[in-house]
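> The structure's right below; bear with me while I get my questions together.
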Amino acid sequence: MRKPLLAANWKMNQTVSESLDWLADFNREIAGVLNNKDVDAVFCPPFTALYPLHQVIASQKMDICLGAQDLFWQEAGAFTGEISPGMLAECGVSYVICGHSERRTLLQESSEMISKKCGAAVAAGLVPILCVGETLSIREGGLTQEWLEAQLYESLDFWDGKSEIVVAYEPIWAIGTGQAATAADAEAACAIIRDNLREKGAGFADQVRILYGGSVTPENAAELMSGANVDGALVGGASLKAAAFAGICRAVFAENSQG
């Protein structure tokens, strides 16, 4: 059985002091309730908070992993404003989000760029969380499968079929709208993703964790995670409140224990 993974994507929110307060609150919420044997909890704060959070997590031996929201595919050079895989690793980062729909849309990131970022992450010992998903118009046109297959085909050039990766299905029409996909929608899309992963790495695809992302809350998390191919969640707005994210962790753990 694949262990659930829950990733909190704070986007451009939380100062360093707010991040440290959040971490303390979250640790209190889950103390004695669950640990990383039950659920992998990953926090993706702004770059400014990575090292301060790492220091606290390491000193207190918390069962929490750090993730970054992006990276560049070169280790050094004249790339103003970018951050390298090595810099992230030195800050204690284990995971990195690649290809989030906001970056694809607002910053015009191509699948070729995203594939390079994922490859650089793997080479540095980081685990990329590759994001794919469709718009409302694609969904209403009945083209979700074709769209996901095209994104995966273009973005998985880096993958050898063996390295650890995570894929997040984020239906763009559900992000930040309060309109979550149904459990059946999430399972159908994640099954498409896993089938495509098998074409790249038949023996390893069943080990890849596939997340759902899009208006996940403590109330709907267990239902959304109930599908056989849904292994966790990439959580946006709800992750900004420690109690809410802890509630999602508990809900997913409870669902997984029953399964």
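In case you wondered, yes, glycine gets a Cβ from its N, Cα and C as well.
I grabbed these lines from TrEMBL:
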| type | residues | note |
| --- | --- | --- |
| ACT_SITE | His100 | active site, electrophile |
| ACT_SITE | Glu170 | active site, proton acceptor |
| BINDING | Asn9, Trp10, Lys11, Gly176, Ser215, Gly236, Gly237 | substrate binding site |
> Have a look around Gly236 (substrate binding site) and count the other CB atoms within 10 A of its CB, chains all included.
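Result for Gly236 (substrate binding site): 22 other Cβ atoms within 10 Å.
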> Including all protein chains displayed, how many Cβ atoms other than that of Asn9 (substrate binding site) lie within 10 Å of its Cβ?
25
> Rounded to a whole angstrom, what is the C-alpha distance between Ser215 (substrate binding site) and Glu170 (active site, proton acceptor)?
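Roughly 10 Å, rounded to the nearest whole number.
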> Should any of the binding-site residues Asn9, Trp10, Lys11 have a Cα within 10 Å of the Cα of Glu170 (active site, proton acceptor), which are they?
none
> Can you check what DSSP calls the residue listed as 'active site, proton acceptor', collapsed to helix, strand or coil?
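In the DSSP reduction, the residue listed as 'active site, proton acceptor' maps to coil.
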> If you count other Cβ atoms within 10 Å of each one's Cβ, which of the recorded positions Lys11, His100 has the most?
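Result for the most crowded candidate: His100.
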> Non-local Cβ contacts of Trp10 (substrate binding site) (under 8 Å, 6 or more apart, same chain)?
Ser19, Phe43, Cys44, Pro45, Pro46, Gln69, Ser239, Leu240
> Is Gly237 (substrate binding site) helix, strand or coil when read with DSSP?
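The three-state answer is helix.
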> Pop the Cα-Cα gap between Gly237 (substrate binding site) and the residue listed as 'active site, electrophile' into the table, whole Å please.
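Just about 14 Å between their Cα atoms.
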> Going by a 10 angstroms cut-off between Cβ atoms, which of the binding-site residues Ser215, Gly237 has the sparsest surroundings?
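Counting other Cβ atoms within 10 Å of each of the binding-site residues Ser215, Gly237 gives the minimum at Gly237.
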